[in-house]
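Taken from TrEMBL, the feature compositional bias 'Low complexity' applies to 267-278. Summarising the annotation, TrEMBL assigns domain 'Cytochrome b5 heme-binding' to 79-175. As annotated by TrEMBL, region 'Disordered' applies to 261-280. Annotation comment: TrEMBL describes 6-24 as transmembrane segment.
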Amino acid sequence: MGSSAVTAITIGLCLVLVAVYFASDSYRTMQNVLIITGLSENFYVKSALNFLKPDQTDQGSSTAGNNLNKSEKNNQLLLSPEELKSYDGGPDSKGLYLAILGEIFDVEKGAQHYRPGGGYAFFAGRDATRAYITGDFSEAGLIDDVSDLDSASLIGIEDWLSFYKEEYKLVGKVVGKYYDLNGKPTELLSSIREKMNIAKENKWIKDKNKDIFPPCNSEWSKERGSKVWCSKKSGGVDRDWVGVPRELHIQGQDPRCVCVKNYGPPSTDSDSTQNSNNGDIDYPLLKEYPGCLPTSESCAVSHP
């Protein structure tokens with residue numbers, strides 16, 4: 001046996017060892033090495049290298065399985081709804097996970113709540129996003145579909161997601177309604193996220209308007225009828241000004257009494273710049289109450 005044969009056999013044994021330690025990656029790695037060293041054309045080396053060549057059918061099947069169970073990008077789990085059931089905290093379970101809007105969290109830290117017998121055990125091992133909002137904890141209600149929920153409900157889901165991200169570890173995604181086989185958001189999830197963003201923006205605008213135009217106090221008595229008035233805490237909004245009552249008319253909404261700051265620079269986007277020390281009185285959607293002095297902090301009104 002010549003020295004080249006001995007060398008080839010030695011390399012072949014090395015290849016086998018590499019196969020043990022590096023599995024499916026060994027063929028490609030060693031092929032590159034042998035091409036660089038010029039040994040790839042040796043008969044014995046070729047024979048040993050072919051021993052490592054993976055079966056294409058098995059390789060494809062293995063790749064598909066890996067894609068479903070692990071995201072290469074962030075090393076997070078990708079589980080089907082059926083696989084997620086194996087993480088319900090029961091005697092033979094693999095762990096204690098739950099999902100909300102397709103995101104999987106390890107809730108072992110709160111095991112007393114989520115394991116069988118706990119108050120929230122029905123959330124474990126599944127994505128029951130809808131139930132967080134509806135309160136329907138039956139099998140029919142413990143589902144992930146939220147496509148028909150209103151804006152306020154979607155904001156509630158966002159709040160729950162924030163809670164779990166703060167309290168528990170995010171470990172993966174559920175492959176199905178909200179994430180694909182590669183852990184990428186589906187069109188449905190993107191649509192829901194867009195609705196959430198719009199809902200949050202609308203809520204921000206509404207809250208901002210409440211700060212600018214807090215509700216009036218109101219009372220009614222048989223003797224004196226209805227009265228509205230302003231104070232530094234009217235409408236539950238603490239502030240350093242009292243304001244004057246005005247009726248706010250917004251398209252699509254019933255008119256309502258609000259307290260309007262009547263001094264200093266305007267805080268709204270009113271086009272009126274006639275008096276920079278007039279507060280928000282010039283806002284175009286405001287109307288005075290008939291028979292009430294413009295500077296009065298209280299007004300008698302003809303309706304409750």
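Yeah, the Cβs are placed from backbone N, Cα and C, and that goes for glycine too.
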Please list the DSSP helix, strand and coil residue counts for the domain 'Cytochrome b5 heme-binding' (79-175).
40 helix, 19 strand, 38 coil
Averaging the per-residue pLDDT over the domain 'Cytochrome b5 heme-binding' (79-175), what integer do you get?
96
